[in-house]
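Pulled from TrEMBL, these are the features on record:
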BINDING   82, 87, 164, 169  Zn(2+) binding site
């Protein structure tokens with residue numbers, strides 16, 4: 001999948017610089033193993049399973065960062081068409097609206113144009129995955145007790161990017177010939193969060209029909 005995404009999507013359109021793993025680290029080795037499995041054509045349900053002897057938090061960390069990079073690339077490709085005029089509210093069709101709240105600049109849930117919402121979301125995720133207290137990279141430094149809760153929140157908010165892109169920008173995705181590649185990325189994401197119960201399935205309702213079509 002990584003090769004296909006690279007061929008379809010222009011790297012210079014990445015919405016945020018890619019977060020990379022340091023060569024020689026356990027996290028880097030896990031990342032390489034996960035990428036090799038993806039490229040091998042194995043069933044994605046098996047690809048997401050925790051390898052024998054590996055730490056579950058390391059496995060989750062690798063995937064959270066990888067999904068951030070991939071979804072970032074997908075949105076970066078359509079972001080020039082996602083303007084304050086075309087998408088004045090961050091939504092997934094008429095039934096679902098997402099409001100931004102971060103407890104800092106936005107203390108209450110606030111309606112925002114999708115592009116601004118995405119900027120805030122990517123900044124927020126980037127600040128978390130670059131925080132050594134949450135995503136430690138040094139050998140022997142443990143993950144915080146709330147690590148999986150933080151990852152659940154990140155993955156839940158990344159799902160909203162899929163919702164917006166699929167519902168509001170899918171024609172553009174199809175015109176680029178990228179439908180199959182985004183579907184594969186979504187299936188990988190869906191099987192991973194399902195394998196480790198990282199999102200309440202009620203949150204997946206906006207893409208329920210599409211999920212049933214491509215993941216079952």
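A Cβ is built for glycine as well, from the same backbone N, Cα and C atoms used for every other residue.
Because the structure is a prediction, the values reported are computed rather than measured.
Taking the centroid of the Cβ atoms of 82, 87, 164, 169 as the Zn(2+) site, the other same-chain residues with Cβ within 8 Å of it are 78, 79, 81, 86, 114, 115, 165, 168. Taking every protein chain shown into account, 164, 169 are the binding-site residues, and of these the Cβ with the most other Cβ atoms within 10 Å belongs to 164. Cβ contacts within 10 Å of residue 87 (Zn(2+) binding site), excluding its own Cβ and spanning all protein chains shown: 19. In sequence order, 75, 114, 115, 118, 164, 168, 169 are the residues near residue 82 (Zn(2+) binding site), counting only same-chain partners six or more apart with C-beta under 8 A.
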